[in-house]
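Noted in TrEMBL for the protein shown:
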DOMAIN    43-416  domain 'Amino acid transporter transmembrane'
TRANSMEM  56-86  transmembrane segment
TRANSMEM  120-140  transmembrane segment
TRANSMEM  172-189  transmembrane segment
TRANSMEM  201-222  transmembrane segment
TRANSMEM  242-261  transmembrane segment
TRANSMEM  282-300  transmembrane segment
TRANSMEM  330-349  transmembrane segment
TRANSMEM  369-387  transmembrane segment
TRANSMEM  393-415  transmembrane segment
TRANSMEM  427-446  transmembrane segment
Amino acid sequence: MGIGNGSPSDNQHAVYKEIQDETTPLLPIKAEEEDGIHEFNGASFSGAVFNLSTTIVGAGIMALPASIKMLGIIPGILMIILVALLTEASIDMMVRCSHQGKITSYGWLMGETFGPWGRIVLQASVVINNIGMMIVYMIIVGDVLSGTSTSGVHHRGIFEGWFGPHLWNSRPIVLLATTLFVFAPLVSFKRLDSLRYTSALSVALAVVFVVITAGIAIVRLIEGTVEIPKLFPELDGINSIWELFTAVPVLVTAYICHYNVHSIDNELEDRTQTKPIVQTSLALCSSVYIATSFFAYLLFGEGTLADVLANFDSNLHIPFSSVFNDVVRVSYVVHIMLVFPIVFFALRLNLDGLLFPTARHISRDNRRFTIITVSLLAVIYLAAIFIPSIWDAFQFTGATAAVLIGFIFPAMIILRDPYGIATKRDKILAVTMIVLAVLSNSMALYSDALNIIFHRKEEA
């Protein structure tokens, strides 16, 4: 169920075969005849690229400019490229093992490699990561439409700017309306490929955001009205060095897409296309990330906020500044709304797999599908009301569940090498990946703990 189940024993083969069939996180290639649905002949290359790119380019892009501000332009861009390369390597490890063992889900692969507990830990990590990400999505929607306050400064939302403050455009009401009338219909689809058109639109809107931000920054640069950003971080003690590591979880979270790779791979008619699809998606997303981070930081400098969309409520010092502000914010909030169902798809499957590991596939049980969907939407909505900042959510999910899903688990699988396909290079890369992931994220968590203790002492 969900992302997969563990390996069977010989005397459980018949039972496991049924479970195995149910673990594929998609509907069967042929839908039931009574539904009147035609045969599904496989997802296209472009549709798969758009779905994977939409999984990658989510809310993480909003926090990347703040990461670049912390790291400096050169180290920041190099880190974006490095994480992209490591992501491609980790997905390749995972996919090669899956194809060799004819495995159709990440959890099933973990179950085959480490037993039932491997599957459970993986599913729990995906649930934690995806809930955290979707809380971030809702926080951004609330920030953009209803406004937010940062360090005592209030940044007006779009509705507040257009109509003034009212009860109907308060954060709880706006997020409730968004949940009921936008998210709920989009998460009702049972096949990932059904979202290919919304995913294409989502990627296009992300590009619109990048192009407008870059255009404004270039105009301001030509006019000489922006400050040249720092190329390297400013270090003034050991604490500032520790603080640099807090950017690592944000960069890690920005590339986590592993939980949907099998879903996309399963829908391809030719599974040899998976590797070029992953490479194309990562190249596209890395270009978007670098452009967004550089130009947004160039535009706002040291005033860049953790959610850079909140910066687009001020005078940009160009003609029609308010119009560009609104276009940027609306385009990206619609992008976020279209990303939401892609991530929700994997969340629902994995939570169902944890709760009902031997039940039939959730897509064939309308009651269970509805109950889990409604419950998850309610939890995400309530959390988004009470969690104040996307940076807080990124720090937790990026340094824990995201790094496990994206780097540590794939590396552990290749080191265990259940199908005998790992080369010496694979194993060296896997060990390097684990060491980098553990050290960098441990330092990030340590730095976060120091900041919490420091702030509490200040308040006392």
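Glycine is no exception: its Cβ is also placed from the backbone N, Cα and C atoms.
Predicted automatically and left uncurated, TrEMBL annotations should be read as such.
Cβ atoms under 8 Å from those of the transmembrane segment (172-189) belong to residues 138, 141-142, 145-146, 157, 159, 195, 198, 337-338, 340-341, 344-345, 348, 373, 377, 380-381, 384-385 of the same chain, restricted to positions at least 6 beyond its ends.
Counted over residue pairs separated by six or more positions, the transmembrane segment (120-140) shares at least 3 Cβ pairs under 8 angstroms with the transmembrane segment (330-349), which defines the two as touching. Scored on C-beta pairs under 8 angstroms, the neighbour of the transmembrane segment (282-300) with the top count among 56-86, 201-222, 242-261, 369-387 is 56-86.
The transmembrane segment (56-86) makes contact with the transmembrane segment (242-261): 3 or more of their CB pairs lie within 8 A, with pairs spaced 6 or more apart in sequence.
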